[in-house]
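Quick look at what TrEMBL lists:
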type	residues	note
COMPBIAS	958-973	compositional bias 'Acidic residues'
DOMAIN	307-603	domain 'ABC transmembrane type-1'
DOMAIN	679-919	domain 'ABC transporter'
DOMAIN	993-1275	domain 'ABC transmembrane type-1'
DOMAIN	1314-1549	domain 'ABC transporter'
REGION	952-975	region 'Disordered'
TRANSMEM	32-51	transmembrane segment
TRANSMEM	72-93	transmembrane segment
TRANSMEM	105-123	transmembrane segment
TRANSMEM	135-154	transmembrane segment
TRANSMEM	166-184	transmembrane segment
TRANSMEM	430-455	transmembrane segment
TRANSMEM	461-480	transmembrane segment
TRANSMEM	538-566	transmembrane segment
TRANSMEM	578-602	transmembrane segment
TRANSMEM	989-1010	transmembrane segment
TRANSMEM	1038-1059	transmembrane segment
TRANSMEM	1121-1151	transmembrane segment
C-alpha cells in the first residue's frame, strides 16, 4: 500500500476550499515546522561544539553552572517527551483503525519527540560551556511550537471535538507545556540578562566546585545524571584498573559536612532549649530539633516514595489489561470498527486507547522505569539525610564531651562505655531509623491501596487473603524481637570467648611448656558451645523469618482463590488471577518490612532518650576565669552566639570559625596587684560535684617562674588541687586568680608569643593519642628540631625511640604498639615540657619511673630545661629527696593545706614536719641503693625489643600473603592483579560450603531446587486452571492447588532451616579447626605473627562466618533461583524471548563485574575510616582534663570533624554505588518486561501463559539487583573464610613420639640426670642453627648455671629441653630416655620451668597453680608456704579460691613470679629450669627465690639461665655459651681462675 502524508484513498484530503486552517492535515503539517527549524539550527552547533569540546570533557566541574529554572526545565522536558510518546501511540492506533495509512497522524509527534530530545541535549551542552546566548534558538523554538499547537487546539474547538477525545487532551497539555517552557526561557533572560540588556550578569560556579578536592558530584549534576548516577561511571570503571582510595573519593561537598549540619541541628536544639527554659520538668526535644534541621529532605524523600509506590500498582493493572485484551481477541475474532472515519480521521477516547495491548506494554515499561527511578531517588535522599544527621549528632556529642564536668566522668554518671555506645550505636540507630523513616508513612498507604485494588478484582474473597496477611504480621514482629535477643546473648558469649582466647594467646609459651594447651582449649570450646547454642536459636528465628516471608503470600493466595471458587458463581478469569497474584507479592514486602521498621522506631526512641540524658548532663563551669579573676561560676553554661549556616565564611579555614563560634566572649582582664604570683587561690572550697568539699579552706599562691612542689600522703588531695586550679572541680566558694602578664613589661617580651592561658599538664595516669611518638610529644605545636631533641633527651626517650621499628614515626596508643607504664609516662612528661606555655603542671611524673630516670628527669628536664625557660612549674611528688630543689613548697593533709613556704621556712616554723620528712628521706635513700641493681628501664626496653623484633620481619605481614600462591610469581604483572580483583573466590566458597558437611550441602541444594519447582508449579496450575475450558471439576482444581501450596509452604521451612543449619555447622567446624590448629602451632609462629592478627581471626572473621555469611548465602541462592526460574518461565511462554536474552545477559554481566570491584573497595574504605573516628571519641573522653588544660579543644574538634567527614564520604559513595547498580539492574528488568510483553503480544498465545510470563518478568525487576548486591557481599565475607583457611594450612608441632607411652616409667624422670650429646638446634628448617654441637653432662640433683651474652643461645637450650625448637642433630637424654622419642605431651608434663615474664591466668589461685586439679589442698598450701605466699593468700577472701584478674594484675610483679615458683614446685618434677626468672623482680623477691631453690629443690636438678652472672657464682657447674657453641664448662671457681676466659670477662663487666 502506498504511503502518503494525508492518506492516499481520500481525494478530499488536500481540499482547502474552506480555508487553509480548516484542513486538519495542513494544520498537522504546520506543526512540523518548529521541529524541523530546531533540528536545522542546533545540529551544526552541536557538531561544531562537540568537535571542539572533545578536549572539554576533561575540564573541571566549574563549568557546571546551572541556569535559572534548571530542574523545572528538565521535569517539563521529560513530561513533554512522555506526552509525545502518548501522541505517537494515539496516532498509530488511530492509523490502524483507518484502512489507509495517514502519516499526519503520528509523524509530527515523532518529529516533536526527536526535537524535544535534541532541545535538552542542546541545553545541557550550552549549560556546561556557559554560553547562554545560544539559548535564543530554544526560545524561538518554544514560541513557534506554542503558536502552532495553539492553532491546532483552536481548530479542534471550532470542529466541536469533545474533551473526552484523547487527541484533544494531548494537544491541550502540549500547549500548556510549551507555554511553561517559554516562561522558563524568559526567566533565564530576565535573570542572566544575556540578551536585550547591556550588562549581562557574571555568575560563578558553586563554591564546592572551585575546590578541586570535591569528587562527590550528585548535588551539582543535571537531573538525568542525578536520577541515573551517570556521574559515578568514571569512578566505577576506574576501580577496575586501580583500587579506589581516599584520594579518589575526595572531600564532602560543603552542605554535607559535619560542621554545616551541626550548626543547623545546634540552632534547632537551642531553639527547643529556649522554649522549655521556664518549665522545670520539660526537657528540650531532640525529635523537634531533628525535624527542624532535616525535615525538608525527609518530606521530599517521602514524596518520591509515594509516587514510586503508586506507580508500583501499574504492574498488576497492566498485566490484567494485557491478558484481558488477549482473551477478548480470542473470543471475538476481529472487530472492524469504523465509527466516524471522516476527513479528520478517527478520534480515540482514552479508554479505547488503553485497551490496546501494545500501548499497555509501553505504558508498563515507562511506569516501571519511573517507579524505579523514584524509588532509588527516595532511598538516596534518606541515606544522604541520615548521613548528615549522623555527622551533626556526632559533632553535638563531641562538643558536649569536651564540656562534660569531670565529676560526671569520674563519679560514674557517664562512663566511657556509655559515651562509646552513644557514638557507635545510638547515632547509627538514629541514622538507620531515618533510612527506614519514609516506610513508616508510605507502607500503610501501599497496604490500603493494595487491598482496595484486590477488592475491585475479587470482591469479598480478597479480604480473606488480606486478613491472612494481617493476622500473620504480628508473628513476624515477635520473631524479630526474639532475633534481637538471641543476637545479644550471642554477643555476650563471644566476648567471653574472645577474652579466654586472648589469654591463651598471651600465655601460649607457658601453656606449651607445661602441656596445658588442651585444658585451656577445652575451656574455650565450652564457651563456644554456649555461643553456638545461642547461634542456633538465632539461626532458627532467622529461618522462621525467611519462611514467614515466603509462606505468607502462598497462604494468602490459597485462601483467596479457594474462597473465590466456592463463594462466587462466575469462574476465575486469568486477568483476575494474575493481577491478584502480583498484588499479593506487592503487599507482602511492606508487611515484612513493617516489623523491622517498628523495631527500629522503638530503638530510635530509646536512643533519643539516652542522647537527651547525655545532652542535659552537667557541664564544666565557664572558663572565663582563666582569662581574668572572676569566680568560677559552675552554673553558667556556655552560650553561643548565633551563626547561620550560610554565614560560614568559606575563605577562612573552618577551624577558626569553629573557634569563634564555640568560645564565649573573653572577659576583660584586670591587672592584679602582685606580679610575681602566677596563680593565687583565696578561701577555696572545691568539690567533685557531690556538694561536699573535697578541698577546704585553700589559700595558696604559686610564684611566677619558680618550682613549686606539692607534697603529702596518698589521697590527701594533691592531684585534686591541680584540677581545682584548672577549673575541673566545682568551686563551692572562693576564687582562683590567674595573674595577668603586663604587656609593657620588657622582660616578658619573649613570653608574649606563648599561649598565655594554656597550661601544659601531665596527668598522673599517662594519656596517649593514637598517633606517632612525635605527634604525641609535639601535640599540635610546630616542630622545632632543637627543642624536640632537648626534650627527648631530658626524658631519656631516645633509647626507647631507637627500639621502635619506625623510630618516632611509629604509631603508639590503642591501635599502635603497647608501651610500658614508664615509657608512656615519660612521653606525657615530654609533651608537657615541649609545649610553649608559661605554666607547667606535672602530677607525680616519677611514679612509674625508676631512680636513674627520675634523677635524670629532675636534673635535665625540670631543673635545667624548665628553669632556663623561666616557666612556672607545679610538681606533685612523693619523692621527698627532691624537696631541696624546690623554690616553694605546699604541704597538704586531708584536703587542706598544712604548710606553705620555702624549705627554710618550714624547717624553722614546723620542726615536727621537717623531722618527719627527714626520716622518710632516709628511708627512700635506702630503697635507692636496693633499686640500683634492678634496673627497671633496661627491662622495659628489653620487653619492647622482644615485642618488636620478631615482628620486623613480618612488618609487611598483610593479608596479601594469604592470596593464592599463583599470583606471587607474577606480582609485577598488573593485569593479573586486576584479574584477581574481579575474580569471584569460588575455591573459598567451595571450602566454606563443604565445611558444613556434604549431607547438609546436598540437602540444601536439593530442597532449594524442589521448592522453586513447586513455586513454578503453583503459578502454572493457576494459569491452566483459569484458562482451561472446564474439563476438570472445580474440586479437583482446588485439591491440586491446595496440595501444591501446602508443599510449597513446607519446603519454604525446610530450605530456610537447612541453609541456616549448614551455616551453623560450617561456623562450628571452622572455629574448631582454627582453634586446634593454632593451639598446636609451633612457638615460632607466635613469635613472628602479631597477636592482633591472630585475634582478628577469632573476633571479626569468626563473627562474619557466624552471622553474616548464612543470610547472605540464603538471599543469594533465593534471588538467583527466582531470576532463573522466571527467565525459564518467560522463555517457555514465549520462546522468542530467548533471542533478546543474549544482549540483556551481556549487559547484566558487565554491570555486576564492575560493581563488585568498586563495592568491595568502598566497603573497605568505609570500614577503615570508621575505626579512627570511634577511637578519637574514646581517646578524647579519656584525656579530657589534659585537652582542656592545654586549651586544645578547637584542634580536637577539627580533627573530629575531619574524621567524621572522611567516614561519611566513604559511606555516601558506597550508597551511591548501590544506587548506581540498582538503577541499572532495574532498567534492565524493565527491558525484560518490555521484551516479554512484546514477544507475547506478537505471538498471541493462550492468555493464561501470557499472564504467567509477565508476572515472572515483573518479579525479575525486584530480584536482579539483589543477586548482584548479595554476590558482592558474599565476596567480601568470603575474605574472612580465606583468612581463616590460610591459618589452617599451617604446620603443627609433631605431638606423636616413636615410643609407646606404656614403655615410659610412671615416675620418669626420677633422678634428673641429663646427657647432652652433640646437640644441634634451629628454630625452623630454613633458618641457621642457634646451637651447634653442644656436649655436656649434668649429674642428678646438680645445680647448673648457664650464661653468655645476649643471643648466645642460652634460652634456646632451655627450649630444646621441651622440644619447642627443631633438634635436627644430636640428642638430649634424660634418665636414659632420648627426649626426641617421647610424645610431646608426656615430655612437657614431666619437666618444670619458670619463665622470665610471670604469667597468671584469670580464674582462682588454685586454677593457676594446678589447672589439671591433680593435687590436694595441703600440697598447694605447702607450695605457697615455700614460695612465702601463704600469709598473702590466707588474707585474701576465699583463700585458694581467691580471684586472679586478667594477667594477674591484682598482684605485683614480684608476687606473680613467686606464684610461678609455687606452680613449678606443685609439679613434683626432678628437673627445674629457670629461664632468667629473676630478671623482672626486685631484690627481696630474688633473695626468696634463691633461698627456695637451695632448700626446697635441694634434691632436684636445677638449670638456671642467668641474666646477671652474680646469681650463678655458687652453682655446681657453669656452662658458658658464645654464638651457639658451648665454650666453657666447669665449676665457677675453676672458671674464674682462667684470666682470659669468657666467664671471667662476664663477671668483671657485670660487677
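Positions of Cβ are set from backbone N, Cα and C atoms, glycine also.
In this chain, the transmembrane segment (72-93) lies apart from the transmembrane segment (1038-1059): fewer than three C-beta pairs between them fall below 8 angstroms, excluding pairs fewer than 6 positions apart. Long-range Cβ contacts of the transmembrane segment (105-123) within its own chain (Cβ-Cβ under 8 Å, at least 6 residues beyond either end) map to 5, 28-29, 31-32, 34-36, 38-39, 42-43, 45-46, 73-74, 77, 80-81, 84-85, 87-88, 90-92, 94-95, 134-135, 137-138, 141, 145, 345. Looking at which of 135-154, 430-455, 461-480, 989-1010 has the most CB pairs under 8 Å to the transmembrane segment (578-602), the answer is the stretch 430-455. Between the transmembrane segment (538-566) and the transmembrane segment (1038-1059), the number of CB pairs under 8 angstroms, six or more residues apart, is three or more, so the stretches are in contact. When each of the listed stretches 135-154, 430-455, 1038-1059, 1121-1151 is scored by C-beta pairs under 8 angstroms to the transmembrane segment (32-51), 135-154 comes out highest. Counting residues 6+ beyond its ends, the transmembrane segment (1121-1151) has Cβ neighbours under 8 Å at 1008-1009, 1012, 1015-1016, 1019-1020, 1221, 1224-1225, 1228, 1231-1232, 1235-1236, 1239-1240, 1242-1243, 1245, 1249-1250, 1252-1253, 1256-1257, 1259-1260, 1263-1264, 1267-1268 in the same chain. Sequence-distant contacts of the transmembrane segment (989-1010) (same chain, six or more residues past either end, CB-CB distance under 8 Å): 1051, 1054-1055, 1058-1059, 1061-1063, 1065-1066, 1069-1070, 1073, 1105, 1109, 1117-1118, 1121, 1274, 1278, 1281, 1285. In the predicted structure, the domain 'ABC transporter' (679-919) carries a mean pLDDT of 81. Listed as Cβ neighbours of the transmembrane segment (430-455) (distance under 8 Å, sequence separation of 6 or more from its ends, same chain) are residues 290, 294, 298, 301-302, 305-306, 309-310, 312-313, 316-317, 378-379, 382-383, 385-387, 389-390, 393, 462-463, 465-466, 560, 579-580, 583-584, 586-587, 590-591, 593-594, 596-597, 600-601, 603-604, 607-608, 611.
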